[in-house]
Amino acid sequence: MSTERIGDRQRSRFLAVLATTAIGAYLLVIAGATTALTDATAACSTWPACGGGYPFEGTAVTIAWTHRLLALVVGAGVLYSAVVAWRTEPTRVRAALSVPALLYPVQIGIGAVVATTGAPATLSAVHLLLGTVIFGGLLVGLAWSLERRFPTRERDEPLTKSPEPAPEADAAFGPEPGPRPAGIRATLGAYFSLMKPRLMWLLCLVAAAAMALAVGPALTVDTIVATLLGGVLAIGASGTFNHVLERDIDRRMKRTADRPLATEIVPVRNALAFGVLLGLASLATFYVFVNALAALLGLTAIVFYSVIYTLVLKPNTVQNTVIGGAAGALPALIGWAAATGEIGLPALVLAGVIFCWTPAHFYNLALAYKDDYERGGFPMMPVVRGERTTRKHIVYYLGATLIGASLLAAVDTLGWLFAATSVVFGAVFLYEVMRLHREQSRGAAMRSFHASNAYLGTLLLAIIVDALVL
């Protein structure tokens with residue numbers, strides 16, 4: 001076996017151990033943020049073992065034992081990763097992985113004090129914060145190691161200026177412009193597609209999770225129906241205005257060339273009227289059947305997506321996806337406001353989770369359709385900064401999303417279902433992102449894209465079940 005192949009196997013093993021250690025560290029963090037571990041700590045007030053108790057004497061004791069054994073395994077992974085990094089990795093990876101290695105003994109000591117003395121909440125918060133820093137260091141080290149291990153195979157030079165849209169005559173993929181006759185069924189389908197229905201399920205799930213988180217079992221069916229109806233109408237209005245404003249660019253892009261306004265199945269004037277009607281219906285629904293704050297936030301969401309994102313951010317800055325994440329975060333505030341008439345801290349944290357998740361989610365689509373976005377003149381991250389940088393940023397924002405989820409567990413009373421969902425589907429998401437680094441294909445980008453949907457969708461469902469049932 002060649003030395004090069006042995007080196008490849010060692011690097012692959014290092015990445016696998018590092019990724020597994022990062023997920024293990026995250027499990028420790030989010031478990032520490034939930035109510036389940038709080039109860040377990042009270043049931044096990046000695047360290048390192050739980051007095052003379054056996055690991056399976058009760059649920060709380062079992063959780064405490066599992067937490068400590070997992071901490072031991074993760075500690076071994078942290079040590080291994082740091083040692084290998086100092087032998088084989090560049091300086092920045094060494095620095096990133098040295099942080100967890102140096103902090104881990106401190107973390108163990110604080111954990112022992114918390115377990116044996118029933119320390120004040122401040123020390124428990126420090127324990128949780130250090131765990132988050134350890135997880136962050138592991139994930140940053142993983143991102144930099146992946147970047148070094150899997151450089152982009154094809155030409156991937158970042159642009160020095162924003163891309164220019166391709167000349168329309170050379171780039172149009174749809175049929176020649178001009179009104180196209182269509183039957184009633186096709187026309188109705190065209191109007192429905194203007195509303196971007198594929199966005200609705202996840203955004204409605206965000207609002208539903210926020211409502212459940214806000215008031216739990218006290219949530220009424222009337223509030224749910226009115227809020228989701230207003231949300232669907234707001235999404236429809238935003239999507240319709242987006243279609244109107246981007247109709248010329250849509251003709252240049254393969255992915256969007258068959259949209260109703262690009263093909264002129266729906267006249268622009270009709271689409272504008274449809275969007276205004278949807279927007280007014282949304283605001284009326286929120287104001288009459290929910291409350292004024294929900295209506296104001298709904299209006300903010302429509303204006304932000306239709307004007308600020310579509311006209312200002314998307315065509316002008318590489319940070320369009322990051323800042324534009326505010327549009328997807330607003331349903332969290334709308335849902336909480338619908339249930340309580342105000343905006344609470346958990347709603348802001350949930351909105352932060354969605355905000356961080358958006359780049360980790362959408363950058364995959366930007367990679368899959370990089371050439372299309374360049375043809376349309378959009379300065380997306382892969383077009384302006386290159387695919388390699390984009391893949392690295394997916395890892396960053398995935399890490400931020402996971403940290404946000406653990407913070408949500410800390411500020412609310414979420415339990416084991418939420419923690420398990422975030423860990424399992426977060427691990428699947430990370431696995432697909434690592435495959436994306438290795439394969440660098442459109443198929444890998446789409447798998448990572450779908451994994452991001454699965455993560456957020458299941459996380460929101462876990463919030464709903466946890467808040468309403470458990």
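Quick reminder: no glycine exception, Cβ is built from N, Cα and C everywhere.
Now, the feature entries from TrEMBL:
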REGION    153-179  region 'Disordered'
TRANSMEM  12-33  transmembrane segment
TRANSMEM  65-85  transmembrane segment
TRANSMEM  97-119  transmembrane segment
TRANSMEM  125-146  transmembrane segment
TRANSMEM  224-245  transmembrane segment
TRANSMEM  266-287  transmembrane segment
TRANSMEM  293-313  transmembrane segment
TRANSMEM  320-339  transmembrane segment
TRANSMEM  345-366  transmembrane segment
TRANSMEM  394-410  transmembrane segment
TRANSMEM  416-433  transmembrane segment
TRANSMEM  453-469  transmembrane segment
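As a quick check, the transmembrane segment (394-410) and the transmembrane segment (224-245) miss the bar of 3 or more Cβ pairs under 8 A, pairs 6 or more apart, so the two do not touch. Contacts between the transmembrane segment (12-33) and the transmembrane segment (293-313): absent, as fewer than 3 C-beta pairs lie under 8 angstroms at sequence separation of six or more. Between the transmembrane segment (125-146) and the transmembrane segment (65-85), three or more CB pairs separated by 6 or more residues in sequence fall under 8 Å, so the two stretches touch.
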